[in-house]
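Student: My questions will all concern the structure given below.
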Amino acid sequence: MGVLARIQGPDDLRQLSHAEMTELADEIREFLVLKVAATGGHLGPNLGVVELTLALHRIFDSPQDAIIFDTGHQAYVHKILTGRQDQFDTLRKQGGLSGYPCRAESEHDWVESSHASAALSYADGLAKAFALTGQNRHVVAVVGDGALTGGMCWEALNNIAAGKDRSVVIVVNDNGRSYAPTIGGLADHLSALRTAPSYERALDSGRRMVKRLPWVGRTAYSVLHGMKAGLKDAVSPQVMFTDLGIKYLGPVDGHDEAAMESALRRAKAYGGPVIVHAVTRKGNGYAHAENDVADQMHATGVIDPVTGRGTKSSAPDWTSVFSAALIEQASRREDIVAITAAMAGPTGLAAFGEKFPDRIFDVGIAEQHAMTSAAGLALGGLHPVVAIYSTFLNRAFDQLLMDVALLKQPVTVVLDRAGVTGVDGASHNGVWDLSLLGIIPGIRVAAPRDADTLREELDEALLVDDGPTVVRFPKGAVPEAIPAVKRLDGMVDVLKASEGERGDVLLVAVGPFASLALEIAERLDKQGISVAVVDPRWVLPVADSLVKMADKYALVVTIEDGGLHGGIGSTVSAAMRAAGVHTSCRDMGVPQQFLDHASREAIHKELGLTAQDLSRKITGWVAGMGSVGVHVQEDASSASAQGEVAQG
């Protein structure tokens, strides 16, 4: 029996010898490669925190002591050590193990958001709560190096530093991609001394003694202290933390488990806020990850664990289509610049950066700053393109509203991973953007249905010079092109026309749900229901031509991949009412709830967003229509209560 098989919880770690700990680290890496290769997931980050996490659970008493992982995708080892190794075959599968910390899974998981830079604020609040309630408990926050580029971390550090007697240990997982190692043995020695309680006592005693000397004493103390501080500043970056009043320990080899234990033990004993700087290597111990120049296998799909290779789809994905289209436009227009929040590769801007290195700005994990910086670029005569995941727009909403839209600045925001994203769970679904964007005065929002309309709508967005524009698209492969039958007033695409001037049902499809709407229309046609399908292209604001067309039908059904409250359906309905159009409306989309992880297809099926379910509902609505002017929102919960969700 291997060592890993004997680990059922953190207590088991404390019984192991140093040799067994080394063996356990090797077994965990082998386990991670085999399991993540089979399911997909965040491989590189977890290979880099094996020894670090082992040391954490040897020194601290979880869950009595709170261990919080920022960017929770680096918590796989934590899950293995807290009794969940037998569930890794279900990682990121419906009903299985989450790819992030999950409070429903284990008492060892304190939080579950995977958005970066939040852990220190959680830690600050927990430490205050423990102090106020008289609980002698430690708080540990594991912060990925990239997270420290987010302003929220520094807001939290400012507050943590004020709690001199509150035990908060901040482990900076520095994998070398953002921070340079601290220089020299003197820096190591000073760091070790300044975190030792005995040194603090000696320093306090010396300070009092020197200051009690005649008038020269205070001056001598200031000079000596200044010399030491100046020398320290010259050789070490830790001054940024010590100047805040937070003790710094490091750098520590994050792959030396014994060294990590020693550092964490001293940090724990200090009794106040301490930073432990652990230098790690992303993908450590797996050659294919170590040699992956792009991102050390940060996130993978299903791969062969021996070769490290996965099966790539031959179909282009939305991100690559956007990337090529932006480069084409930027080749013609020198005013186009790009902004990424530490995600140039995932959002398709890496190729742009290679071609135009002086016209791309990586602002770190700082979406708020990205948006206002974009406003500044626009004020300076440029047209910035901010490419972020839809779920991260939440953080930049105030800046988009007040710093971009209020000033009517031409900033184009490209939202990747819009709609249901699936396996990464509740925190990564991009289902909030349309509800948020709908309240911004003057904003224009496009939702392309295929590659051709993505290129076209991006081009149109880049021509707007009097306010912000948004282009949103989902994760994954681009569907086949869907040609329009005709275009109304240069705005709305009619994908299927009904026979005659009037019809029964008008389906309004948002973005890639166009193909779903056409499939529904085919089913309804067979039942003798007259149907037309339109793609608004620009879903905000609602086009007058769409409202006029709605007046010719008995029922309008909107189908969208975002939240129903404040979504496109309710916006279309409001536009119809304002124009005096009394056609009945039904909205189909995502309920306002946090969706558990599963494949996109499984989630859509669970929500009733399938051709079978929707055609069945629409048939029932048409058959039962006895009134007009009714606006009804439908989601999974209400449909289930009425028995309308298909079970097959």
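Heads up, the Cβ atoms here are built off N, Cα and C, so glycines get one too.
Keep in mind it's a predicted model, so treat the numbers as computed, not measured.
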Student: In Swiss-Prot, the residues His73, Ser114, His115, Ala116, Gly146, Ala147, Asn175, Tyr286 are said to bind thiamine diphosphate. Which of Glu20, Glu354, Glu367 is said to bind at that same site?
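Tutor: Record source Swiss-Prot; matching candidate: Glu367.
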Student: Sorted by position, what residues of the same chain at least six away from His115 (thiamine diphosphate binding site) have a C-beta under 8 A from it?
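Tutor: Result: Thr391, Phe392, Arg395, Ser427.
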Student: Where the record says His73, Ser114, His115, Ala116, Gly146, Ala147, Asn175, Tyr286, Glu367 bind thiamine diphosphate, what is the longest distance in Å from one Cα to another among those residues?
Tutor: 32
Student: Suppose we draw a 10 Å sphere around the Cβ of Glu367 (thiamine diphosphate binding site). How many other Cβ atoms does it contain, all chains included?
Tutor: 28
